[in-house]
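Enquirer: Take a look at this one; I'll ask things after.
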């Protein structure tokens with residue numbers, strides 16, 4: 001076959017530009033896809049207090065009415081409802097999607113999936129910012145969960161159509177979403193804006209684009225601004241832009257059609273020729289692998305239900321450690337951090353909680369970006385360390401031996417580093433060790449690991465919250 005194309009320097013340059021475009025595209029997809037999810041968790045404390053307090057940015061006061069019992073009788077500054085309620089609303093729809101979608105989502109073209117992600121993300125911000133009851137706020141969080149869950153599953157599957165570089169872009173972008181969402185929410189609310197106004201700002205982000213004139217002033221040395229456009233760019237809209245206009249898709253990519261459309265009966269291979277789930281040989285030439293895969297995909301039959309169950313069994317060695325990592329870290333985030341309140345600090349309870357979330361997300365961003373520098377194969381080791389963090393902070397809540405919130409800041413930063421590293425390395429090694437024809441399904445199916453761990457942690461956080469608040 002003619003493979004001399006890669007030797008052409010012009011084509012090589014084009015290939016380099018395409019890889020950068022795809023990396024940036026996946027970075028933006030990760031950023032925008034996780035943004036609403038992160039904002040809802042950062043706003044969890046305020047969402048629960050929104051209808052129960054006249055000032056949502058002050059320390060969590062005892063709510064009016066019949067809900068004052070638990071706050072007055074407890075040595076902790078407790079909300080009547082654990083922030084795990086918001087976490088459950090944020091993760092259960094995602095969990096349902098990730099459990100079921102890998103078995104049928106291939107029938108839905110990627111283009112339609114992206115449009116669904118866009119509209120559900122917009123609805124989530126609108127519902128939460130306009131809500132007058134906790135129930136309406138929770139429904140808004142549910143829409144954010146649908147958008148994030150469908151997006152994560154789809155974009156992880158989508159990454160197998162590109163070079164392995166895009167996976168690091170996706171991981172870094174999802175980490176950046178954590179930093180951007182948590183940091184912006186914390187900064188705006190601490191500056192005095194209400195959570196409602198803050199959510200509006202985050203739905204429609206004003207971006208000023210300065211278009212410089214072609215000629216620079218020789219005297220002043222400053223380029224005069226020829227024109228300024230104020231453009232309102234929403235994070236959900238950036239998902240559509242990144243997907244439809246930034247990514248450079250392979251020519252055979254099924255944008256608006258079902259996957260089966262590209263497989264005729266004459267191209268189906270025998271099921272006995274199925275390769276094992278985990279391949280031990282390493283891919284040493286990623287540059288030529290993508291085009292070779294495109295040719296091979298034309299001759300590969302769709303996976304059967306039995307094939308998918310077989311693949312799921314092989315993925316358990318990745319799913320279980322990832323689930324344990326996320327169980328421990330979200331048990332900390334939504335079950336314990338709300339109870340780690342230091343009254344002597346100049347930060348209010350709400351402010352302490354928001355900065356816990358922000359520093360956690362900074363750790364996640366740093367470790368998810370680290371994939372370009374090094375890889376960690378032993379995910380189980382990170383799950384063990386994360387469990388030790390959970391035990392340490394559980395004792396800290398009960399015995400109250402930590403002197404100030406700064407110690408907690410350091411611990412949650414470390415917690416974020418472990419969680420982010422576990423996530424990005426899990427999917428990197430799934431991609432590397434899974435047979436080509438199984439990668440798209442495997443990437444989608446394995447994404448259930450983190451969501452399952454998060455859902456279980458939210459369920460465990462409810463009795464723990466009630467126990468501590470009853471002391």
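Glycine is no exception: its Cβ is also placed from the backbone N, Cα and C atoms.
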Enquirer: Under TrEMBL, which of the candidate ranges 24-44, 45-65 is annotated transmembrane segment?
Expert: 24-44
Enquirer: From the ranges 274-293, 294-313, 314-333, pick the one that TrEMBL records as transmembrane segment.
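Expert: Feature transmembrane segment in TrEMBL: residues 314-333.
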Enquirer: By a Cβ-Cβ criterion of under 8 Å, what residues six or more beyond either terminus of the transmembrane segment (167-185) are in contact with it?
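Expert: Apart from its flanks, the transmembrane segment (167-185) reaches 22-39, 41-43, 152, 155-156, 159, 198, 201-202, 354, 357-358, 360-362, 364-369, 371-372, 416, 420, 423-424, 427-428, 431.
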Enquirer: Can you say which of 135-161, 379-401, 407-429 has the most Cβ pairs under 8 Å with the transmembrane segment (441-462)?
Expert: 135-161
Enquirer: Spell out yes or no: are there three or more C-beta pairs under 8 angstroms between the transmembrane segment (379-401) and the transmembrane segment (407-429), with each pair 6 or more apart in sequence?
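Expert: Counting Cβ pairs under 8 Å, at least 3, so yes.
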